[in-house]
Amino acid sequence: MAPSDTPPSAEDLPSQGELALFAPPATAEDALVPASMVNAWIYCPRLAVLEWGRGEKARSVDLIAGLRAHQATESGPTPALPDPMVLREDQSLKTRRLSLSSERLGLTAELDLLDVEEGMVIPVEIKVGKRPSVDEGAYLPERAQVCAQALLLREAGYTCLEGALWFAESRERVTVDLTEALVTATLVATSDLRLTVASGRLPPPLDHSAKCPRCSLLPICLPDEIAWFRKGSIARTPPPPASPALPLYGQTPGARIGKKDYTLVIQVEGEADRSLALDEISEVVLAGPVSLTTPAIHELLRREIPVAWMSSGFWFLGSTGGQGPRSAAVRTAQYALAGDERRRQAFARDLVSAKIRNGRTLLRRNWRGAEAERQIALDRLARLAERATTAETTACLLGIEGEAAAVYFRAFPQLFTQAVTTLPAFAFERRNRRPPADPVNACLSLCYAVLTRTLSSALSIAGLDPWKGFYHTERPGRPALALDLIESFRPVLADSTVLMVLNNGEIGTNDFLYAGGGCALKPNARRGLIAAYERRLDQETTHPVFGYQLSMRRLIQVQARLLARFVSGDIPRYPHYCPR
(Lines of atoms letter the chains of each structure in order from A and count residues from 1; the text may use other names and numbers.)
(Lines give C-alpha, C1' and ligand atoms only; values in the text may rest on other atoms or scores of the structure.)
Protein backbone atom coordinates (compact mmCIF):
# COMPACT_ATOMS: atom_id res chain seq x y z
CA MET A 1 0.00 0.00 0.00
CA ALA A 2 1.31 3.47 -0.91
CA PRO A 3 2.22 5.73 2.01
CA SER A 4 -0.22 8.52 2.76
CA ASP A 5 0.44 11.96 1.25
CA THR A 6 -1.96 13.68 3.67
CA PRO A 7 -0.52 15.68 6.61
CA PRO A 8 -0.93 13.59 9.79
CA SER A 9 -3.80 14.27 12.17
CA ALA A 10 -3.29 15.68 15.68
CA GLU A 11 -3.48 12.18 17.18
CA ASP A 12 -0.70 10.93 14.91
CA LEU A 13 1.73 13.75 15.61
CA PRO A 14 4.84 13.12 17.74
CA SER A 15 5.59 14.81 21.03
CA GLN A 16 5.81 18.60 21.30
CA GLY A 17 9.58 18.54 21.06
CA GLU A 18 9.27 16.96 17.60
CA LEU A 19 6.20 18.92 16.50
CA ALA A 20 6.01 19.60 12.75
CA LEU A 21 3.91 22.68 11.97
CA PHE A 22 2.20 22.26 8.60
CA ALA A 23 1.17 25.24 6.53
CA PRO A 24 -2.51 25.43 5.55
CA PRO A 25 -3.45 24.45 1.99
CA ALA A 26 -2.52 27.08 -0.56
CA THR A 27 -5.15 29.32 -2.10
CA ALA A 28 -5.36 30.66 -5.63
CA GLU A 29 -3.45 33.73 -4.41
CA ASP A 30 -0.57 31.77 -2.86
CA ALA A 31 2.61 30.81 -4.68
CA LEU A 32 3.18 27.07 -4.92
CA VAL A 33 6.53 25.56 -3.95
CA PRO A 34 8.39 24.07 -6.94
CA ALA A 35 9.59 20.53 -6.33
CA SER A 36 13.14 21.72 -7.02
CA MET A 37 12.83 24.12 -4.07
CA VAL A 38 11.96 21.21 -1.76
CA ASN A 39 15.36 19.87 -2.77
CA ALA A 40 16.95 23.28 -2.11
CA TRP A 41 15.28 23.71 1.32
CA ILE A 42 16.57 20.37 2.62
CA TYR A 43 20.02 21.11 1.19
CA CYS A 44 20.17 24.67 2.57
CA PRO A 45 17.15 26.66 3.84
CA ARG A 46 18.83 29.98 3.00
CA LEU A 47 19.36 28.87 -0.61
CA ALA A 48 15.67 28.00 -1.00
CA VAL A 49 14.44 31.30 0.46
CA LEU A 50 16.89 33.36 -1.59
CA GLU A 51 16.03 31.56 -4.81
CA TRP A 52 12.26 31.06 -4.42
CA GLY A 53 11.21 33.58 -1.80
CA ARG A 54 13.51 36.42 -2.90
CA GLY A 55 13.78 35.59 -6.60
CA GLU A 56 17.59 35.51 -6.69
CA LYS A 57 19.19 33.74 -9.64
CA ALA A 58 22.72 32.94 -10.74
CA ARG A 59 24.20 30.76 -13.45
CA SER A 60 26.93 28.35 -12.37
CA VAL A 61 28.98 25.68 -14.12
CA ASP A 62 26.87 22.97 -12.46
CA LEU A 63 23.63 24.66 -13.49
CA ILE A 64 24.71 24.92 -17.13
CA ALA A 65 25.84 21.28 -17.07
CA GLY A 66 22.45 20.32 -15.64
CA LEU A 67 20.64 22.12 -18.45
CA ARG A 68 22.77 20.27 -21.00
CA ALA A 69 22.03 16.94 -19.29
CA HIS A 70 18.30 17.68 -19.57
CA GLN A 71 18.65 18.65 -23.23
CA ALA A 72 20.52 15.41 -23.96
CA THR A 73 17.39 13.40 -23.10
CA GLU A 74 15.25 15.30 -25.61
CA SER A 75 15.79 13.22 -28.75
CA GLY A 76 12.43 13.88 -30.39
CA PRO A 77 8.67 14.11 -29.82
CA THR A 78 7.05 11.76 -27.32
CA PRO A 79 3.41 10.78 -26.78
CA ALA A 80 1.35 12.75 -24.29
CA LEU A 81 0.56 11.18 -20.92
CA PRO A 82 -3.01 9.86 -21.10
CA ASP A 83 -5.61 11.04 -18.62
CA PRO A 84 -5.61 8.78 -15.53
CA MET A 85 -9.18 7.69 -16.29
CA VAL A 86 -8.17 6.26 -19.68
CA LEU A 87 -4.68 4.99 -18.82
CA ARG A 88 -4.82 1.22 -19.20
CA GLU A 89 -3.22 -1.16 -16.71
CA ASP A 90 -1.27 -2.85 -19.52
CA GLN A 91 -0.12 0.42 -21.10
CA SER A 92 3.58 1.37 -21.18
CA LEU A 93 5.21 4.48 -22.65
CA LYS A 94 7.72 7.27 -22.07
CA THR A 95 6.89 10.95 -22.11
CA ARG A 96 8.53 14.25 -21.21
CA ARG A 97 7.74 17.72 -19.95
CA LEU A 98 4.64 17.47 -17.78
CA SER A 99 3.49 20.35 -15.53
CA LEU A 100 1.52 19.53 -12.38
CA SER A 101 0.27 21.64 -9.45
CA SER A 102 -1.75 21.13 -6.28
CA GLU A 103 -3.05 23.85 -3.97
CA ARG A 104 -3.79 21.22 -1.31
CA LEU A 105 -0.17 20.09 -1.25
CA GLY A 106 1.16 23.59 -1.95
CA LEU A 107 3.38 22.10 -4.66
CA THR A 108 4.10 22.54 -8.35
CA ALA A 109 6.57 20.79 -10.64
CA GLU A 110 7.93 20.54 -14.16
CA LEU A 111 8.62 16.84 -14.61
CA ASP A 112 11.63 15.97 -16.80
CA LEU A 113 10.70 12.45 -17.81
CA LEU A 114 7.90 10.00 -17.08
CA ASP A 115 7.95 6.23 -17.48
CA VAL A 116 4.62 4.42 -17.65
CA GLU A 117 4.96 0.70 -16.92
CA GLU A 118 1.78 -1.36 -16.95
CA GLY A 119 -0.33 1.61 -15.91
CA MET A 120 2.08 2.70 -13.15
CA VAL A 121 3.59 6.19 -13.58
CA ILE A 122 7.21 6.74 -12.49
CA PRO A 123 8.67 10.27 -12.41
CA VAL A 124 12.34 10.33 -13.48
CA GLU A 125 14.44 13.32 -12.39
CA ILE A 126 17.67 13.90 -14.33
CA LYS A 127 20.77 14.92 -12.38
CA VAL A 128 24.22 15.85 -13.61
CA GLY A 129 27.11 13.99 -12.01
CA LYS A 130 27.61 10.51 -10.62
CA ARG A 131 25.42 8.43 -8.34
CA PRO A 132 26.58 8.98 -4.75
CA SER A 133 27.82 6.02 -2.72
CA VAL A 134 25.10 6.02 -0.06
CA ASP A 135 22.79 3.23 1.08
CA GLU A 136 19.65 4.95 -0.22
CA GLY A 137 21.21 5.41 -3.67
CA ALA A 138 20.85 9.20 -3.52
CA TYR A 139 20.86 12.00 -0.97
CA LEU A 140 17.69 13.13 0.76
CA PRO A 141 17.26 16.46 -1.14
CA GLU A 142 17.15 14.69 -4.52
CA ARG A 143 14.88 11.90 -3.22
CA ALA A 144 12.50 14.47 -1.71
CA GLN A 145 12.32 16.30 -5.05
CA VAL A 146 11.25 13.08 -6.78
CA CYS A 147 8.85 12.35 -3.92
CA ALA A 148 7.20 15.76 -4.43
CA GLN A 149 6.69 14.90 -8.10
CA ALA A 150 5.19 11.55 -7.15
CA LEU A 151 2.77 13.19 -4.70
CA LEU A 152 1.61 15.53 -7.45
CA LEU A 153 1.03 12.57 -9.78
CA ARG A 154 -1.05 10.85 -7.09
CA GLU A 155 -2.97 14.05 -6.53
CA ALA A 156 -3.76 14.11 -10.27
CA GLY A 157 -5.19 10.58 -10.02
CA TYR A 158 -2.29 8.49 -11.29
CA THR A 159 -0.95 5.38 -9.61
CA CYS A 160 2.61 6.11 -8.51
CA LEU A 161 4.46 3.73 -6.20
CA GLU A 162 8.05 4.83 -6.82
CA GLY A 163 10.23 7.45 -8.46
CA ALA A 164 13.64 7.40 -10.08
CA LEU A 165 16.80 9.48 -10.46
CA TRP A 166 19.00 9.36 -13.55
CA PHE A 167 22.65 10.37 -13.00
CA ALA A 168 23.96 11.53 -16.37
CA GLU A 169 27.72 11.27 -15.74
CA SER A 170 27.73 7.71 -14.39
CA ARG A 171 24.67 6.78 -16.50
CA GLU A 172 22.97 5.05 -13.59
CA ARG A 173 19.33 4.94 -12.60
CA VAL A 174 18.37 4.85 -8.92
CA THR A 175 14.93 3.83 -7.72
CA VAL A 176 13.40 6.10 -5.06
CA ASP A 177 11.10 4.24 -2.68
CA LEU A 178 8.23 6.42 -1.49
CA THR A 179 8.45 5.45 2.17
CA GLU A 180 6.32 7.03 4.87
CA ALA A 181 9.42 8.77 6.25
CA LEU A 182 10.29 10.27 2.84
CA VAL A 183 6.72 11.47 2.24
CA THR A 184 6.63 13.10 5.68
CA ALA A 185 10.04 14.74 5.15
CA THR A 186 8.86 16.10 1.80
CA LEU A 187 5.62 17.52 3.21
CA VAL A 188 7.41 19.04 6.20
CA ALA A 189 10.01 20.66 3.93
CA THR A 190 7.27 22.08 1.69
CA SER A 191 5.38 23.45 4.68
CA ASP A 192 8.48 24.87 6.38
CA LEU A 193 9.55 26.67 3.22
CA ARG A 194 6.11 28.20 2.69
CA LEU A 195 5.87 29.36 6.31
CA THR A 196 9.39 30.81 6.30
CA VAL A 197 8.81 32.77 3.09
CA ALA A 198 5.45 34.00 4.41
CA SER A 199 7.17 35.26 7.57
CA GLY A 200 9.65 37.32 5.52
CA ARG A 201 12.54 35.78 7.47
CA LEU A 202 15.80 34.91 5.71
CA PRO A 203 17.55 31.93 7.37
CA PRO A 204 21.17 32.51 8.37
CA PRO A 205 23.93 31.16 6.11
CA LEU A 206 25.54 27.81 6.76
CA ASP A 207 28.63 28.01 8.94
CA HIS A 208 31.78 27.16 6.94
CA SER A 209 29.94 24.37 5.14
CA ALA A 210 31.39 22.17 2.40
CA LYS A 211 28.12 22.75 0.54
CA CYS A 212 28.91 26.42 -0.12
CA PRO A 213 31.81 26.46 -2.64
CA ARG A 214 29.81 24.91 -5.51
CA CYS A 215 26.53 26.69 -4.74
CA SER A 216 25.34 28.91 -7.60
CA LEU A 217 24.15 31.54 -5.12
CA LEU A 218 27.46 31.80 -3.24
CA PRO A 219 28.25 35.27 -4.71
CA ILE A 220 24.78 36.42 -3.59
CA CYS A 221 24.55 34.71 -0.19
CA LEU A 222 28.08 35.74 0.97
CA PRO A 223 28.09 33.26 3.90
CA ASP A 224 31.70 33.81 4.96
CA GLU A 225 31.52 37.59 4.62
CA ILE A 226 28.43 37.65 6.85
CA ALA A 227 30.14 35.29 9.32
CA TRP A 228 33.06 37.74 9.50
CA PHE A 229 30.89 40.19 11.43
CA ARG A 230 30.36 37.50 14.10
CA LYS A 231 33.85 35.99 14.16
CA GLY A 232 36.16 38.77 12.95
CA SER A 233 37.80 36.40 10.47
CA ILE A 234 36.99 34.76 7.16
CA ALA A 235 37.72 31.16 6.22
CA ARG A 236 37.41 31.16 2.44
CA THR A 237 39.84 32.80 0.01
CA PRO A 238 39.41 33.96 -2.65
CA PRO A 239 35.73 34.71 -3.31
CA PRO A 240 33.97 33.28 -6.36
CA PRO A 241 35.35 34.92 -9.51
CA ALA A 242 33.40 37.44 -11.50
CA SER A 243 31.82 36.30 -14.74
CA PRO A 244 34.19 36.54 -17.73
CA ALA A 245 31.43 38.42 -19.57
CA LEU A 246 32.07 42.13 -20.20
CA PRO A 247 29.91 45.18 -21.05
CA LEU A 248 29.15 46.00 -24.68
CA TYR A 249 29.25 49.73 -25.41
CA GLY A 250 27.42 51.12 -28.45
CA GLN A 251 28.08 54.79 -29.19
CA THR A 252 28.46 55.16 -32.97
CA PRO A 253 25.50 57.23 -34.27
CA GLY A 254 23.27 55.14 -36.52
CA ALA A 255 24.68 51.80 -35.35
CA ARG A 256 22.21 48.91 -35.20
CA ILE A 257 22.43 45.90 -32.89
CA GLY A 258 20.37 42.81 -33.70
CA LYS A 259 20.20 39.15 -32.71
CA LYS A 260 21.21 36.10 -34.71
CA ASP A 261 21.10 32.69 -33.05
CA TYR A 262 23.17 33.04 -29.86
CA THR A 263 24.97 36.23 -30.85
CA LEU A 264 24.42 39.96 -31.12
CA VAL A 265 25.27 41.36 -34.54
CA ILE A 266 26.59 44.94 -34.64
CA GLN A 267 26.02 46.82 -37.89
CA VAL A 268 27.68 50.16 -38.66
CA GLU A 269 27.34 51.77 -42.08
CA GLY A 270 30.48 51.37 -44.13
CA GLU A 271 31.94 48.67 -41.85
CA ALA A 272 31.81 44.89 -41.83
CA ASP A 273 29.26 43.34 -39.47
CA ARG A 274 30.63 42.16 -36.14
CA SER A 275 29.22 39.39 -33.96
CA LEU A 276 29.57 38.87 -30.23
CA ALA A 277 28.36 35.80 -28.33
CA LEU A 278 25.61 36.58 -25.83
CA ASP A 279 27.44 34.51 -23.20
CA GLU A 280 30.31 37.03 -23.40
CA ILE A 281 28.10 40.05 -22.63
CA SER A 282 27.40 41.18 -19.06
CA GLU A 283 25.42 44.29 -20.01
CA VAL A 284 24.74 46.56 -22.97
CA VAL A 285 25.38 50.32 -22.77
CA LEU A 286 23.92 52.43 -25.58
CA ALA A 287 24.86 56.11 -25.85
CA GLY A 288 22.98 58.37 -28.25
CA PRO A 289 21.21 57.29 -31.47
CA VAL A 290 22.08 53.59 -31.43
CA SER A 291 19.23 51.16 -32.14
CA LEU A 292 18.59 47.77 -30.55
CA THR A 293 16.13 45.44 -32.29
CA THR A 294 13.11 43.99 -30.51
CA PRO A 295 14.32 40.35 -30.85
CA ALA A 296 17.63 41.42 -29.29
CA ILE A 297 15.84 43.14 -26.41
CA HIS A 298 13.69 40.05 -25.83
CA GLU A 299 16.74 37.77 -25.71
CA LEU A 300 18.59 40.13 -23.35
CA LEU A 301 15.53 40.21 -21.08
CA ARG A 302 15.34 36.41 -21.07
CA ARG A 303 19.00 36.23 -20.08
CA GLU A 304 18.56 39.07 -17.55
CA ILE A 305 21.30 41.10 -19.24
CA PRO A 306 20.67 44.78 -18.45
CA VAL A 307 20.60 47.48 -21.11
CA ALA A 308 21.58 51.01 -20.03
CA TRP A 309 20.28 53.86 -22.16
CA MET A 310 22.51 56.95 -22.12
CA SER A 311 22.47 60.30 -23.87
CA SER A 312 25.24 61.09 -26.35
CA GLY A 313 27.00 62.85 -23.47
CA PHE A 314 26.64 59.71 -21.31
CA TRP A 315 23.91 61.05 -19.04
CA PHE A 316 22.07 58.03 -17.62
CA LEU A 317 18.48 57.96 -18.97
CA GLY A 318 17.22 54.59 -17.76
CA SER A 319 17.61 50.84 -18.12
CA THR A 320 15.87 47.76 -19.49
CA GLY A 321 16.02 44.39 -17.77
CA GLY A 322 18.58 43.29 -15.23
CA GLN A 323 16.27 44.35 -12.44
CA GLY A 324 17.53 41.72 -10.03
CA PRO A 325 15.39 39.44 -7.89
CA ARG A 326 11.66 39.38 -8.51
CA SER A 327 10.92 40.27 -4.91
CA ALA A 328 10.40 43.50 -3.01
CA ALA A 329 11.90 42.22 0.26
CA VAL A 330 15.25 44.03 0.00
CA ARG A 331 13.69 47.23 -1.33
CA THR A 332 11.10 47.21 1.45
CA ALA A 333 13.95 47.02 3.98
CA GLN A 334 15.77 49.77 2.07
CA TYR A 335 12.78 52.13 2.28
CA ALA A 336 12.43 51.37 5.99
CA LEU A 337 16.09 52.22 6.59
CA ALA A 338 15.70 55.47 4.64
CA GLY A 339 13.06 56.46 7.19
CA ASP A 340 15.22 55.47 10.17
CA GLU A 341 17.09 58.69 10.96
CA ARG A 342 19.60 57.05 13.31
CA ARG A 343 20.71 54.26 10.94
CA ARG A 344 20.59 56.51 7.87
CA GLN A 345 22.77 59.14 9.55
CA ALA A 346 25.28 56.51 10.71
CA PHE A 347 25.55 55.22 7.14
CA ALA A 348 26.04 58.74 5.79
CA ARG A 349 28.81 59.51 8.32
CA ASP A 350 30.74 56.40 7.31
CA LEU A 351 30.13 57.19 3.64
CA VAL A 352 31.57 60.72 3.75
CA SER A 353 34.49 59.61 5.90
CA ALA A 354 35.29 56.80 3.43
CA LYS A 355 35.14 59.19 0.47
CA ILE A 356 37.58 61.61 2.13
CA ARG A 357 39.96 58.83 3.20
CA ASN A 358 40.04 57.36 -0.32
CA GLY A 359 40.73 60.77 -1.83
CA ARG A 360 43.55 61.19 0.68
CA THR A 361 44.95 57.78 -0.31
CA LEU A 362 44.98 58.76 -4.00
CA LEU A 363 46.83 61.99 -3.20
CA ARG A 364 49.34 60.18 -0.99
CA ARG A 365 50.14 57.52 -3.60
CA ASN A 366 50.31 59.75 -6.69
CA TRP A 367 51.70 63.08 -5.41
CA ARG A 368 54.33 64.68 -7.68
CA GLY A 369 54.58 68.14 -6.10
CA ALA A 370 56.36 69.63 -3.10
CA GLU A 371 56.43 67.46 0.02
CA ALA A 372 55.37 70.32 2.33
CA GLU A 373 52.19 70.95 0.31
CA ARG A 374 51.48 67.22 0.25
CA GLN A 375 51.61 66.91 4.02
CA ILE A 376 49.36 69.94 4.53
CA ALA A 377 46.70 68.46 2.22
CA LEU A 378 46.95 64.99 3.78
CA ASP A 379 46.68 66.36 7.33
CA ARG A 380 43.62 68.45 6.49
CA LEU A 381 41.87 65.52 4.83
CA ALA A 382 42.68 63.23 7.76
CA ARG A 383 41.10 65.72 10.18
CA LEU A 384 38.02 66.13 7.98
CA ALA A 385 37.58 62.35 7.66
CA GLU A 386 37.67 62.07 11.44
CA ARG A 387 35.20 64.96 11.87
CA ALA A 388 32.77 63.25 9.48
CA THR A 389 32.47 60.24 11.82
CA THR A 390 30.98 62.44 14.56
CA ALA A 391 28.84 64.83 12.48
CA GLU A 392 25.38 65.10 13.99
CA THR A 393 23.38 66.43 11.03
CA THR A 394 23.26 66.06 7.26
CA ALA A 395 23.98 69.78 6.90
CA CYS A 396 27.16 69.35 8.94
CA LEU A 397 28.21 66.39 6.78
CA LEU A 398 27.60 68.38 3.60
CA GLY A 399 29.82 71.13 4.94
CA ILE A 400 32.62 68.70 5.77
CA GLU A 401 32.29 67.00 2.38
CA GLY A 402 32.42 70.34 0.56
CA GLU A 403 35.51 71.47 2.47
CA ALA A 404 37.25 68.16 1.76
CA ALA A 405 36.37 68.38 -1.96
CA ALA A 406 37.92 71.86 -2.12
CA VAL A 407 41.15 70.59 -0.53
CA TYR A 408 41.23 67.50 -2.75
CA PHE A 409 40.64 69.20 -6.10
CA ARG A 410 42.98 72.08 -5.23
CA ALA A 411 45.70 69.45 -4.83
CA PHE A 412 44.59 67.34 -7.83
CA PRO A 413 46.94 69.05 -10.39
CA GLN A 414 49.89 67.86 -8.27
CA LEU A 415 49.11 64.31 -9.43
CA PHE A 416 49.84 64.99 -13.11
CA THR A 417 53.21 64.42 -14.75
CA GLN A 418 55.26 67.42 -15.79
CA ALA A 419 54.42 66.69 -19.43
CA VAL A 420 50.73 67.20 -18.64
CA THR A 421 51.07 70.23 -16.36
CA THR A 422 53.07 72.15 -18.98
CA LEU A 423 50.15 71.96 -21.45
CA PRO A 424 47.78 74.94 -21.04
CA ALA A 425 44.81 72.84 -22.23
CA PHE A 426 45.18 70.58 -19.19
CA ALA A 427 45.28 73.38 -16.65
CA PHE A 428 42.93 72.44 -13.80
CA GLU A 429 41.75 74.93 -11.21
CA ARG A 430 38.55 73.50 -9.79
CA ARG A 431 35.84 70.94 -10.40
CA ASN A 432 33.10 72.16 -12.74
CA ARG A 433 30.33 70.47 -14.73
CA ARG A 434 27.09 70.96 -16.67
CA PRO A 435 28.92 71.39 -18.97
CA PRO A 436 32.53 70.72 -18.01
CA ALA A 437 34.64 73.70 -19.08
CA ASP A 438 38.03 72.05 -19.64
CA PRO A 439 39.53 68.69 -20.71
CA VAL A 440 40.27 67.39 -17.19
CA ASN A 441 36.72 68.10 -16.04
CA ALA A 442 35.34 66.56 -19.24
CA CYS A 443 37.25 63.34 -18.49
CA LEU A 444 36.12 63.34 -14.85
CA SER A 445 32.47 63.90 -15.82
CA LEU A 446 32.50 61.03 -18.31
CA CYS A 447 34.10 58.64 -15.82
CA TYR A 448 31.63 59.65 -13.11
CA ALA A 449 28.71 59.07 -15.52
CA VAL A 450 29.98 55.62 -16.53
CA LEU A 451 30.69 54.70 -12.90
CA THR A 452 27.16 55.79 -11.92
CA ARG A 453 25.78 53.48 -14.59
CA THR A 454 27.97 50.60 -13.36
CA LEU A 455 26.80 51.04 -9.77
CA SER A 456 23.13 51.53 -10.73
CA SER A 457 23.22 48.19 -12.53
CA ALA A 458 24.97 46.42 -9.63
CA LEU A 459 22.47 47.81 -7.11
CA SER A 460 19.47 46.76 -9.21
CA ILE A 461 20.84 43.24 -9.63
CA ALA A 462 21.33 43.07 -5.84
CA GLY A 463 17.64 43.88 -5.36
CA LEU A 464 18.09 47.51 -4.29
CA ASP A 465 16.42 50.63 -5.67
CA PRO A 466 19.18 52.84 -7.11
CA TRP A 467 16.88 55.88 -6.95
CA LYS A 468 16.31 55.85 -3.17
CA GLY A 469 19.43 56.93 -1.29
CA PHE A 470 20.41 57.44 2.33
CA TYR A 471 22.64 60.51 1.91
CA HIS A 472 21.98 62.09 -1.47
CA THR A 473 18.59 63.75 -1.84
CA GLU A 474 16.08 62.47 -4.36
CA ARG A 475 15.72 64.44 -7.58
CA PRO A 476 14.20 63.49 -10.95
CA GLY A 477 16.71 61.55 -13.04
CA ARG A 478 19.17 61.21 -10.16
CA PRO A 479 19.93 57.66 -8.87
CA ALA A 480 20.53 58.70 -5.27
CA LEU A 481 21.66 55.32 -3.91
CA ALA A 482 24.11 54.87 -6.80
CA LEU A 483 25.49 58.31 -5.96
CA ASP A 484 25.80 57.22 -2.33
CA LEU A 485 27.77 54.12 -3.26
CA ILE A 486 29.86 55.97 -5.83
CA GLU A 487 31.46 58.24 -3.22
CA SER A 488 34.05 55.77 -1.97
CA PHE A 489 34.75 54.62 -5.56
CA ARG A 490 35.23 58.04 -7.20
CA PRO A 491 38.92 58.42 -6.31
CA VAL A 492 39.96 54.79 -6.75
CA LEU A 493 38.10 54.12 -10.01
CA ALA A 494 37.15 57.32 -11.83
CA ASP A 495 39.85 59.78 -10.76
CA SER A 496 42.60 57.17 -11.05
CA THR A 497 41.46 56.33 -14.59
CA VAL A 498 41.67 59.99 -15.63
CA LEU A 499 45.16 60.25 -14.15
CA MET A 500 46.22 57.11 -15.99
CA VAL A 501 45.08 58.19 -19.48
CA LEU A 502 46.44 61.73 -19.17
CA ASN A 503 49.76 60.84 -17.56
CA ASN A 504 50.33 58.02 -20.06
CA GLY A 505 49.49 60.24 -23.02
CA GLU A 506 46.55 58.07 -24.11
CA ILE A 507 44.46 61.24 -24.53
CA GLY A 508 45.99 64.47 -25.84
CA THR A 509 45.04 68.09 -26.36
CA ASN A 510 43.59 67.39 -29.83
CA ASP A 511 41.04 64.91 -28.45
CA PHE A 512 38.53 67.54 -27.28
CA LEU A 513 35.80 69.71 -28.77
CA TYR A 514 34.85 73.13 -27.43
CA ALA A 515 31.40 74.68 -27.93
CA GLY A 516 29.09 76.96 -25.96
CA GLY A 517 31.49 77.34 -23.08
CA GLY A 518 31.78 73.58 -22.64
CA CYS A 519 34.32 70.89 -23.45
CA ALA A 520 33.69 67.31 -24.61
CA LEU A 521 35.77 64.38 -25.76
CA LYS A 522 35.87 63.42 -29.41
CA PRO A 523 34.40 59.96 -30.20
CA ASN A 524 37.75 58.12 -30.40
CA ALA A 525 38.98 59.72 -27.17
CA ARG A 526 35.72 58.80 -25.45
CA ARG A 527 36.16 55.20 -26.54
CA GLY A 528 39.72 55.27 -25.25
CA LEU A 529 38.69 56.64 -21.86
CA ILE A 530 35.92 54.06 -21.48
CA ALA A 531 38.35 51.29 -22.46
CA ALA A 532 40.78 52.55 -19.80
CA TYR A 533 37.95 52.56 -17.23
CA GLU A 534 37.11 48.95 -18.11
CA ARG A 535 40.79 48.01 -17.76
CA ARG A 536 40.78 49.60 -14.32
CA LEU A 537 37.79 47.45 -13.37
CA ASP A 538 39.78 44.35 -14.32
CA GLN A 539 42.69 45.24 -12.03
CA GLU A 540 42.88 43.32 -8.75
CA THR A 541 42.72 44.71 -5.25
CA THR A 542 42.75 43.29 -1.74
CA HIS A 543 39.49 43.66 0.11
CA PRO A 544 40.42 45.74 3.17
CA VAL A 545 37.94 43.94 5.43
CA PHE A 546 37.98 40.31 4.27
CA GLY A 547 41.58 40.13 3.07
CA TYR A 548 41.09 38.24 -0.19
CA GLN A 549 42.05 39.42 -3.68
CA LEU A 550 39.45 40.20 -6.31
CA SER A 551 38.98 42.40 -9.36
CA MET A 552 37.51 45.87 -9.00
CA ARG A 553 34.62 44.66 -11.15
CA ARG A 554 33.89 41.83 -8.72
CA LEU A 555 34.42 44.20 -5.78
CA ILE A 556 31.54 46.40 -6.96
CA GLN A 557 29.27 43.34 -7.06
CA VAL A 558 30.37 42.26 -3.57
CA GLN A 559 29.81 45.75 -2.15
CA ALA A 560 26.33 45.98 -3.69
CA ARG A 561 25.43 42.60 -2.18
CA LEU A 562 26.83 43.64 1.20
CA LEU A 563 24.69 46.78 1.07
CA ALA A 564 21.64 44.59 0.42
CA ARG A 565 22.61 42.39 3.38
CA PHE A 566 23.05 45.53 5.53
CA VAL A 567 19.64 46.99 4.75
CA SER A 568 18.08 43.54 5.32
CA GLY A 569 19.66 43.32 8.79
CA ASP A 570 22.01 40.40 8.04
CA ILE A 571 25.06 42.47 9.02
CA PRO A 572 25.26 45.31 11.58
CA ARG A 573 27.02 47.85 9.35
CA TYR A 574 28.02 48.38 5.75
CA PRO A 575 31.80 48.07 5.22
CA HIS A 576 32.69 50.91 2.83
CA TYR A 577 35.63 50.15 0.55
CA CYS A 578 38.73 51.95 1.82
CA PRO A 579 42.00 50.57 0.43
CA ARG A 580 44.94 50.62 2.78
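Just so you know, glycine gets a Cβ as well, placed from its N, Cα and C.
Note that the structure is a prediction, hence the values are computed from the model and not measured.
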| H472, E487 bind Mn(2+) 2 per Swiss-Prot; candidate in E392, E401, E403 listed for that same site | E401
| query | Non-local Cβ contacts of C221 ([4Fe-4S] cluster binding site) (under 8 Å, 6 or more apart, same chain)? | reply | R46, L47, L50, P205, C212, C215
| said: Nearest of the binding-site residues to C44 ([4Fe-4S] cluster binding site) by CA-CA distance, picking from D112, E125, E401, H472, E487? | reply: E125
| request: Would you count the other C-beta atoms found within 10 angstroms of the C-beta of E487 (Mn(2+) 2 binding site) for me? | output: 21
| note | Across all protein chains shown, the one of the binding-site residues D112, E125, E401 with the most other Cβ atoms within 10 Å of its Cβ is E125
| request: Sorry to bug you, but what's the C-alpha spacing from E125 (Mn(2+) 1 binding site) to H472 (Mn(2+) 2 binding site), rounded to the closest Å? | output: 51
| field | Environment of E401, H472, E487, the listed Mn(2+) 2 site - residues of the same chain whose CB lies within 8 A of the CB centroid | value | A348, L351, V352, K355, Y471, L483, D484
| note | Spacing of the two Cα atoms, E401 (Mn(2+) 2 binding site) and E125 (Mn(2+) 1 binding site), in whole angstrom, works out to 58
| field | Mean per-residue pLDDT computed across the region 'CRISPR-associated endonuclease Cas1' (248-580) | value | 87
